[in-house]
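Q: Pasting a structure here, questions to come.
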Amino acid sequence: LAESLGKISLRLVSFVNPGGKGDNGHCCDGRGIICSSKCDHQFKICVDYLNGTADLDSCAFGKFETGVISNEDTIQFGDDISGLSNPIEIPFNNYAGGFLVKIDVWDDDSNFLFNRNDHVDTIAYAFNEPAPATNRNMLVNGRTTIELGISVTCDANFYGPNCLVFCDSSLGNYNCDSSNGDKVCFEGWEGDDCSVRITTTTTTTTTMAPTTTTETYGENADCASFGGNMVSVRRIQPQGVAEPFNVLCRGEWTVIQNRFNGREIFNRLWEDYKNGFGKNFSMSTDFWLGLEKVYRLTNQKKYKLNIKMTDAADRVHEANYDHFYVGNEADGYRLHLEGFSGNAGDALSYCGGSSCGGMSNGQKFSTRDRDNDNWAGNCAERYNSGWWYNNCFWANLNGRYVTHPRFWPKCPGRKCISWRTIPGYENYSLLKVTMAIAPNLESTSVE
């Protein structure tokens, strides 16, 4: 998973303070309108969400401060502003089509015995453009005038107006459309991730045209059957399954759930969770493989489970289980886990009190229309998703994806993607999650 999705580049180009005065109309240095010298300007810069407030301490993207620029009322900024690199480079993981720049300008009088710093101006500018946006120069006029240079770029392999579309041509049989990140399949390949080979065969008679068929892979039980370490969509056919189906493979690992950008709704009914949902299988989409498929997969041999979670501070947390399987539908696709390791804490088996009411291990799956939990109410209805609820949970990786900047990453009412045994993160929402299974060999983590 990426450390960031993109970058804001904010350059201070120039600044003019006519007459060298503070916001009270008096000279920065001198008495009243008699100015003994020019101002000693210092700039405090706050970059906030586009719908942020005027609060100069509310700086979602970062807070920065220059050193003092002495005895100048007209400034042309260079690459270093008294110790602050210019432009300011700000990586982000949450870009909602713009941001708010708030700049507080002061005259520094710290070298004068009885003088205190004078406030010069507060400047605000709302930049409202989707990514990518490069080399935008903005002149912000008020009592003073400042010129800003702004660029917003997506990191390598990320595309789209919010830099949320992931496409890496080195991972498959395609190029990436530079305008939107769509996968453009190489000749001879097709499918959402260009992972299905097209083969052309000719019949034995000359009166019929060539026919095009889609390659199938035979009765491969899981992703480990194919070998390699690429991310690709494959067709598998576990034991007891009449028809093969598509899965996303990360090398030997079969991905059974992915949370990436919140575009797929997880507040669904039993049949959706049974059969699976999500239009496209890729590491940059949201999907649920389906409980029936997971049951068929995990009951043909011994499987391990890897859960990789990224929080809003880009920290990665893992939970590994040496043995994972679910029961059949008649048993409510009951969850079975053992052999935990990892740095996230074992939230699925955490007792959390004398009644162990939050433990998911050993529980049936519940949805709004099929309440199998142990609570007097309906956990799935209350927490907006299907999951292995008890009374109710210490982990819910199908919870609501929280994106609104006023609430993110705080988790209102725990109605979010939650793994409450992560230290210091009990009441906060996770940003990304991948659940994947592989045959139980020696390794216990996804590479």
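Numbering starts at 1 and runs along the chain as it is shown here.
Any Cβ shown, glycine's included, is placed from N, Cα and C.
Those TrEMBL annotations? Automatic predictions, nothing curated.
Pasting the feature list from TrEMBL:
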- 152-194: domain 'DSL' (DOMAIN)
- Cys154-Cys163: disulfide bond (DISULFID)
- Cys185-Cys194: disulfide bond (DISULFID)
- 214-441: domain 'Fibrinogen C-terminal' (DOMAIN)
Q: Counting Cβ neighbours within 10 Å across all chains shown, tell me which of the disulfide-bonded residues Cys163, Cys185, Cys194 comes out on top.
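A: Sorting the candidates by Cβ neighbours within 10 Å, the top entry is Cys163.
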Q: Using a 10 Å radius around its CB, how many other CB atoms surround Cys154 (disulfide bond)?
A: 23
Q: Could you give the Cα-Cα distance between Cys163 (disulfide bond) and Cys194 (disulfide bond), in whole Å?
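A: Between the Cα atoms of Cys163 (disulfide bond) and Cys194 (disulfide bond), the distance comes to 21 Å.
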Q: Average pLDDT across the domain 'Fibrinogen C-terminal' (214-441)?
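A: Computed over the domain 'Fibrinogen C-terminal' (214-441), the mean pLDDT is 88 on the 0 to 100 scale.
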Q: Which of the three DSSP-derived classes (helix, strand, coil) applies to Cys194 (disulfide bond)?
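A: Cys194 (disulfide bond) sits in coil per DSSP, no helix or strand.
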Q: I'm trying to understand the geometry here, so how far is the Cα atom of Cys185 (disulfide bond) from the Cα atom of Cys154 (disulfide bond), in Å to the nearest whole number?
A: 22
